[in-house]
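Participant: Swiss-Prot lists S21, G22, G23, L24, D25, S26 with the feature ATP binding site.
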Amino acid sequence: MTTLTLNTSLLSSCRILAAFSGGLDSTVLLHQLVLWRERHPDVTLRAIHIHHGLSPHADSWVRHCETVCERWQVPLVVERVTLADNGLGIEAHAREARYRAFAQTLLPGEVLATAQHLDDQCETFLLALKRGSGPAGLSAMGECSPFAGTLLLRPLLRETRKTLEQWAVRHGLCWIEDESNQDDAYDRNFLRLRALPLLQQRWPHFPAAVARSATLCAEQERLLDELLASDLTDCITAEGTLRLSPLMLMSDVRRAAILRRWLAMRNAPMPSRDALERIWQEVALARDDASPCLRFGDHEIRRYQSQLWWIKTVAGQHETTVVWPVWQTPLALPAGLGTVQLVPGGELRRPREEESVSIRFKAPGVLHIVGRNGGRKLKKIWQEQGIPPWRRDTTPLLFYGETLIAAAGVFVTREGAAEDKEGVSLVWHA
């Protein structure tokens, strides 16, 4: 390999963030990008290293990456992530944490470059085949993919691991060896260490042939996207939920294709055929009076008002009270529910000096809200306002003392209504 075949989208970008583990692949990628920067002085190049804390050598890997980046004059960002069991397995969870850190580190106008190569593409295809994936899963990885509002580029995707090794040796590059890469208990390592060498011994061009198949699958998926675009428009609401009535009229095959694309739009993991069947049978077709729920990692699919919802799992906060000692400043909510803030200009009265301020998630008794005659219990108000059941004990309720003032984004009580122009608004950043 004498030159790197950069994705054409990369050629038009002047701001690049390179994922840099310090291993062979990412070292070659960063080296190539440094050479690219030398030829194009307007290019701004940064690197990011993710410290997973999984290896006893993780700290020394950070020092290695710092040394390399200092020598090549590449600013390095080191992000430490904490991995907890989320039911996806350590490989999937580490990958999820990595890409979340990448997304948070990207600057406006910056693209992300990662070092996957042809052998990685082959492994990804075979893993998808093992899972029984269809054309979407077998499409494997693209050279250019949307990511976090920008692009994820894989400039080495047409190069083999052997070619990368030859480049690294020829240019005297130093890289680290992750001991976990030799553990064939991991599926990807098993393919790389055992299966692929045997296949390539028999068929030397096997990875390239697999890559062609992946490309053909990707083309078929793009064609399906075009053909199903009008169906998606009919089925998906402005809130991103999936209307069930059009799906009821579709064939099983067409409906499954719509479900997959809706989940992909919600950044959900690609579901198996069995998972799609469960979504339809256990959630969509559940009894009318049921509140069906199907968990997928830290998310779940629910049905409400003849629509499917993809939501993050949040524990109910029914018994939680959060004291708001200084109501002029934002208040952080528990369970990742975001923050609330009282801002000038609105229909809520300000708290009186003697009134304590708090956020709660339940309210007893009969309530009287602005714009409605008569009193209602909170459950009835939620139903009338079309608030899904899972949001009813996670929607912040503003209290002054023991008096309910408002529900964020839903209603204001008569006791909470402003009587002058000095009112405030309850803003919830979920």
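Using the three backbone atoms N, Cα and C, a Cβ is placed for every residue, glycine included.
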Participant: In the structure shown, which of the binding-site residues G22, G23 has the fewest Cβ neighbours within 10 Å?
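Facilitator: Per-residue Cβ counts within 10 Å for the binding-site residues G22, G23 bottom out at G23.
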Participant: At 10 angstroms around each C-beta, which of the binding-site residues S21, S26 has the fewest other C-beta atoms nearby?
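Facilitator: S21, out of the binding-site residues S21, S26, has the fewest neighbouring Cβ atoms within 10 Å.
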Participant: Count the other Cβ atoms sitting within 10 Å of the Cβ of L24 (ATP binding site), across every protein chain shown.
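Facilitator: That number is 22.
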Participant: Cβ within 8 Å of the ATP site's Cβ centroid: which residues qualify beyond S21, G22, G23, L24, D25, S26?
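Facilitator: Output for this site, in sequence order: F20, T27, V28, L29, A115, W175, I176.
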Participant: What is the number of other Cβ atoms found within 10 Å of the Cβ of D25 (ATP binding site)?
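Facilitator: Within a 10 Å radius of the Cβ of D25 (ATP binding site) lie 23 other Cβ atoms.
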